[in-house]
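Positions annotated as phosphate binding site by TrEMBL: Ser12, Arg54, His55, Thr87, Ala88, Thr191. Summarising the annotation, TrEMBL assigns substrate binding site to Met190, Asp214, Tyr215, Asp216. According to TrEMBL, the domain 'Nucleoside phosphorylase' annotation covers 5-249. As annotated by TrEMBL, site 'Important for substrate specificity' applies to Ser172, Ala227.
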Amino acid sequence: MEGIKVGIIGGSGFYSWDEFKHEKEETFQTPYGEPSDALVSGKIDGVNVVFLSRHSRNRRFNPSEINYRANIDALRQAGVTHILAATACGSLKEDKKPGEFVILDSFIDRTTKRKQTFYDLSNPDGHSCAFIPMHPSFCERSREIVYKIGEEMGLQMHPKGTIVTIEGPRFSSKAESLVFKSWNADVINMTTVPEVVLAKEAGICYVSVAMVTDYDCWRDSGEVVNAQAVMKVMSTNSVNVKALFKSCISALAKENWEETMRANKEMVKNSIIR
């Protein structure tokens, strides 16, 4: 296959990508509406890269307002084969501390308002039903590479973790937080679902790095999660995750992805009910 193209999805505190020497900005129209922002593309170490700010560069959209389908479809139209996604999260376990990174391997969906499939009556190809398997939820090969690079950089990395995605934009109540903790979930956020589901429907290798900013509100002592505390930790975390993603891009490009992409395409094809 031809060289890969890596999509970077920036989350809270990660609204721009300043690594391109010669960047191009492009606006996409999709059958599902407009994406959060224009796609900014360029090259990193000779690899084609596209950046999208999930909430927009001006933070226009809260988690419930993001057009996830348009975002992923725009990246697909741009020819993206891999996505490195950053997301802020709260920790539901003592061993996952603020400032650390979790390479997600599964999720629990607690959203209520979001379209989670391309395959409904709005699909331009006429396919109105697809049953996508969500195990594994994230690209296993990409996860391993990101974790290895993070370890080599000396970042505090956790090789796996289950995330609970809530609707937001409010934070959880203590009762909710304790329920999620009792489910043995590791971290909590507001954006991984449906992004991960749609990326899989698009046949894109998707990996999400969850950046721990707080302990949510399940503990009996210590600071309760709040927006200002989250953004304070993110100011440091965003620098680290940008460096991590930059190193991962060249590592991903060194791999042969032909069989993985073929398998992704076949999985999507076999999931569509005609």
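Yeah, the Cβs are placed from backbone N, Cα and C, and that goes for glycine too.
Nothing from the recorded positions Arg54, His55, Ala227 places its Cα within 10 Å of the Cα belonging to Met190 (substrate binding site). The number of other CB atoms found within 10 A of the CB of Thr87 (phosphate binding site), across every protein chain shown, is 26. Among the recorded positions Ala88, Ala227, the residue whose Cβ has the fewest other Cβ atoms within 10 Å is Ala227. DSSP assigns Ala227 (site 'Important for substrate specificity') to a helix in the three-state reduction. When Cα-Cα distances from His55 (phosphate binding site) are compared across the recorded positions Ser172, Asp214, Ala227, the shortest belongs to Ala227. Taking the recorded positions Ser12, Ser172, Thr191 in turn and counting surrounding C-beta atoms within 10 angstroms, the largest count is reached at Thr191.
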